[in-house]
Ligand SMILES: C[S@@+](CC[C@H](N)C(=O)[O-])C[C@H]1O[C@@H](n2cnc3c(N)ncnc32)[C@H](O)[C@@H]1O
């Protein structure tokens, strides 16, 4: 594709994404479906350009007014993913001069907001939690997330799959914390791999793997994945149960559960029972009350721990949306807890970095439910042979630690988890 046409396409896609009427990944996928003529390299340029614009939106909003032409073109030029000389061959003389001026701006001459590129309402809670760690977090949010795979523990061993991927020209390293994880370099086409087709691997962030591990579901148990979605964690849990017992995958979205079906077929699991529920107080939940050994509540959340993958979320979320989510999260946790039998384990998890969706929900639940004993996450993870478990945790009430994963510290998405045992 000619550089000029590619830049035009980037500008068009940037314009569509910046409407913020749909999630960026959906807008990008739709654009690709409607433009079948685009090759893999062009798609990569388009996607990375759009994501860079989303990641650095405040900076680009600040730099773009000094340029000329449509705003989406100026934003696409600033975020263009590719060699500078390739980009410049698509630009007019005035645009080239403007780009040089923008490139010459020194970070130390910029306002703080143009360096962190975060909405103000997010800055205060992040600084309060991280202190000096705020800027390393900002740095990590400007990078794409690594590609992590989870090896299916039911069918395969991690070193074997690692070797197999290496032979297929895909170098992969064992993840430091999850016993099932492989971190792959670049973005190889996985769908064509035999390991993927036969269900030996699934794409899953190492942090998500740790949440499933934390549930520690055993052979023959009755287990509920309350907010199963497309079943990322369901599949990992089913494998720890060695495909025995009963694993219910509940979700209010039948559409999301549908996406679990092909993954389930590949996984070779036969213990998973997906079921769409109307809401968290559904009849089905009432019937199972007091009968379940382990419940995972992977709650609907703001997703603000996943900004490396979904940078549009920082512009699409709002304090009001977070407030509404917190009400929902508390209601789901309370209903899900009724499922547990005495001695059973409850895990509440989010991919948010905001205390309102995390510690606040966990602490309110603990206070209202004296029959649930909060568990310290660090020894649970150590018992599961996770290395350096303390470094993955942060203090909660009375010294009890929660799981607290951060992109800049653990190279995972931002995750939270609390664990309780029903007395
Ligand atoms: C964080 S996502 C789950 C991701 C999934 N566990 C995975 O690993 O791929 C949260 C899910 O909660 C579901 N959800 C929303 N409200 C719910 C409710 N009241 N009861 C059960 N699930 C709900 C959403 O449809 C969404 O799929």
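Glycine too: its Cβ is placed from the backbone N, Cα and C atoms.
Here the structure is a predicted model, which means the values were calculated and not measured.
Database features, via TrEMBL:
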type: DOMAIN; residues: 137-423; note: domain 'SAM-dependent MTase RsmB/NOP-type'
type: BINDING; residues: 251, 298; note: S-adenosyl-L-methionine binding site
type: ACT_SITE; residues: 351; note: active site, nucleophile
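Local packing around the Cβ, expressed as the count of other Cβ atoms within 10 angstroms, is greatest for 298 among the binding-site residues 251, 298. Residue 251 (S-adenosyl-L-methionine binding site) and the residue listed as 'active site, nucleophile' are 17 Å apart (CA-CA, integer value). For the recorded site, residue 251 (S-adenosyl-L-methionine binding site), the DSSP three-state label reads strand. Under the DSSP three-state reduction, residue 351 (active site, nucleophile) is assigned to coil, being neither helix nor strand. DSSP assigns residue 298 (S-adenosyl-L-methionine binding site) to a strand segment in the three-state reduction.
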